[in-house]
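Taken from TrEMBL, the feature signal peptide applies to 1-24. Taken from TrEMBL, the feature domain 'FAS1' applies to 34-178. If you look up TrEMBL, you'll see 189-215 marked as region 'Disordered'.
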Amino acid sequence: MRKQLLSPFVPFLMFFLYSSTTFAQTPSPAPSGPTNITAILAKAGQFTTLIRLLKSTQEADQINTQLNNSNQGLTVFAPTDNSFANLKAGTLNSLSDQQKVQLVQFHILPNFLSMSNFQTVSNPLRTQAGNSADGEFPLNVTTSGNQVNITTGVNTATVANTIYTDGQLVVYQVDQVLLPLDLFGTAPAPAPAPSKPEKDVPAKAPAGSKEDASVDSSGASIATVSFGVVLIAAISLKL
């Protein structure tokens, strides 16, 4: 009797469970409105310094304009506040305004690269800071399994996770600030200054040297001449 009462409700129960599971697996839609890189970073948290640099260099406006007015993709490497804090004291303040722009642009690739793309990408990568072929802004990627490392010629950073992706823009969190070789490369050591020549100090002639021998021979010659003069004088007196 109970089986007969429950049987009509079984199909409805199964449909309810299937619908609940399906809705739970559906990803939430992307936020409406134009893409805003600083809003994405602010929502993720711990990117205050990068946001400040993006705004002060006006790179944030350029990124947003490019994303919202073209189909060109972008890849952004985002160092955390801790990454900036680990830099040598005064590093950012020592940069000119143009160098700060180059530093920010060095973290931006002018194309969309998914995590799987890093496995087959060709090095060096071209960044918005400039051409990497001249050795000023080289950026190379190496992978080991699912780990992606980024080498600049000065330091090596690791991609920690994906902050945001929508098929056109992808933002990756990295554990270090990417330092361009052109701005932070080790300068060649200056040539050592020529040493001042030491004053020549005449060395004392060692005992038994030629100088002593000449003095002795000179003295012996004088003594011989004097003895000869005395001998001639004595002979003359006897005569």
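Backbone N, Cα and C atoms are what each Cβ position is placed from, and that goes for glycine too.
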How does the model score the domain 'FAS1' (34-178) in terms of mean pLDDT? 93
Do you know the DSSP helix, strand and coil residue counts for the domain 'FAS1' (34-178)? 46 helix, 36 strand, 63 coil
